[in-house]
Amino acid sequence: MLFRRFLNLTTKTPHLQTFRARHYFRNMSCPELIPPPTVRGMTVLDKGAFDKRISAPRLIVPRQLNFQQICSSVKKLLLKMECFKPVVSGEYKITLHPSAVKTWEDLKEIGLEDKGLTEENLVWEQMKLGYDNWRYDEILKAVLPEDKEALSAFSKVGHIVHLNLKEHLLPYKNLIGTVIKDKVVGCRAVVNKLVTIDNTYRNFQMELLCGEEDYQVSLKENGCIFEFDFSKVYWNSRLSTEHGRVVEMLKKGDVLLDVYAGVGPFSIPAAKKGYSVLANDLNPDSYKALVHNCAKNKVQGRITCFNKNGIDFIKEEIKQFIISKNQDDTFTGTIHITMNLPALAVEHLENYVGLLKDEQIELKHFPLVHVYCFAKGVEDNKLLARGLVEKNMGIPLGNNLKEIAFVRNVAPNKDMMRVSFYLTRQILCHNDIQLKRPTSETSHQDAKRKCNVLRKIATMGKRNIKNRNQQKQTAKKVKNVFAVNQSKKGNVKKAKEVTSKLKKINVQDKREKADKKFQDLHAHIVAKKPEKKPLPAKPASKKNKNQANTKQVEAGLDKMQM
């Protein structure tokens, strides 16, 4: 029996005991209860194309029997669909699921005969199903291509449903928007994100697929009310759990400094619990909504709002706040700093390095930073997140690391992570920390040059080792005694050591004798060489004669003067 087999399945798998999951499983596995196959590929919604007729089992209960007791007995077998009532009290009719009940035998285990029912009370009647009887996921599964990924998920922000459709779903975008608006409770507008969030203010361009062009929303999260214009600010409903988790970390006397506060999902719940908060956001619309939400939740006395660049907020407000709290002897809490800007937050961590290097202050309280980032890759996401923080800080995270937590999966091989660590004295006061990441073309060339030098050193080392090995092998060969290989009957015998009584040659004596012969030969040649005769004196040149005549004339003049 199908029903008995299904009961065994639900007994072994407790998660199928939930009412919605059980009937959804049975509805989608029953061919009679899925939309007609003719709607596949529809791009313009035609609600009439979903109409179909099926035959379903029904119990006709006599009026004299206990109708409520019988309904309780068959509760797990009821046909549950959208806009359909399986139990009609006025007509005493109960519609059962066609997959669970095929014959009267499927109902015997319930004991309906003991309650006055017989096989004649079970009938099969025709009923009409249409567009209104299926949920949005059942409609879209029947319409969209089978061989491609369907619509996986969406987020609901107030009355707006936010989609992020992939390219192959764009031809069906208007149909998808209409179906979701019809089926999702409280939805008045459906929008699709056109581009990724890459601008300064973290908002994105959107396309209205269906509904009202009204982006002013109001919602409740972690016990607080938030009102804002969804088209001008950043909001992610999937981070609701993470917002609450960080707020729960705060203890009595702690304070929160929110660098990228947005409309206040971290700051306002913390302030509502009695903690002091400094909240900042660069987006003027986010700042305006932040101030409004503080007043809406009546926490404006415990929160101070700023409209600054995140780097300026760190260098100015956070710096002065850390100094003031370390000078305040009555402060005993922890300074928490949240940095929820996954795409850029890690790059701003370098601004904490040496933040207090010029301040003469005794540090007693070390702030705890909660920075968010995207870990991209197939490796361990915690190691990737830690590496991003260490790379941008320029120092390794040692004992000051508190926690690395997974937040959510953004895309395949892309996870959002939170790294919580303390700003130690080494980070805040040290002025010799060098960032490990290249900051200019020069540093890149220096790093490349160092790599080339190391490569040359390694190559030279390998050559030296090779030369030494060759020298050792040559020395071994010199020591070996030459032997003659003799073969006998084709077999090569092992070489034997050659022994001989050769007279030892004295090389030194031979060299001395050769030198003596060269000396004798040299003396003999020099002795027989004829002596050179002196050359006759050359006659005086004309120049010399003129000089002599000049001297004689001068001597004659001297005598005449005397």
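Quick reminder: no glycine exception, Cβ is built from N, Cα and C everywhere.
Residues or ranges marked as S-adenosyl-L-methionine binding site in Swiss-Prot (evidence: sequence analysis): His243, Asp281, Leu282, Asn340. Annotation comment: Swiss-Prot describes 523-534 as compositional bias 'Basic and acidic residues'. Swiss-Prot lists 523-562 with the feature region 'Disordered'. Among the features that Swiss-Prot reports, transit peptide is placed at 1-41.
Overlay of Swiss-Prot feature records on the structure.
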| residue | record | contacts (Cβ under 8 Å, 6+ apart) |
| --- | --- | --- |
| His243 | S-adenosyl-L-methionine binding site | Glu221, Asn222, Pro265, Phe266, Pro269 |
| Asp281 | S-adenosyl-L-methionine binding site | Tyr260, Ala261, Gly262, Tyr287, Leu290, Phe306, Asn307 |
| Asn340 | S-adenosyl-L-methionine binding site | Leu239, Asp258, Tyr260, Gly262, Phe266, Tyr372 |
Just counting, how many other CB atoms are there within 10 A of the CB of Leu282 (S-adenosyl-L-methionine binding site)? 21
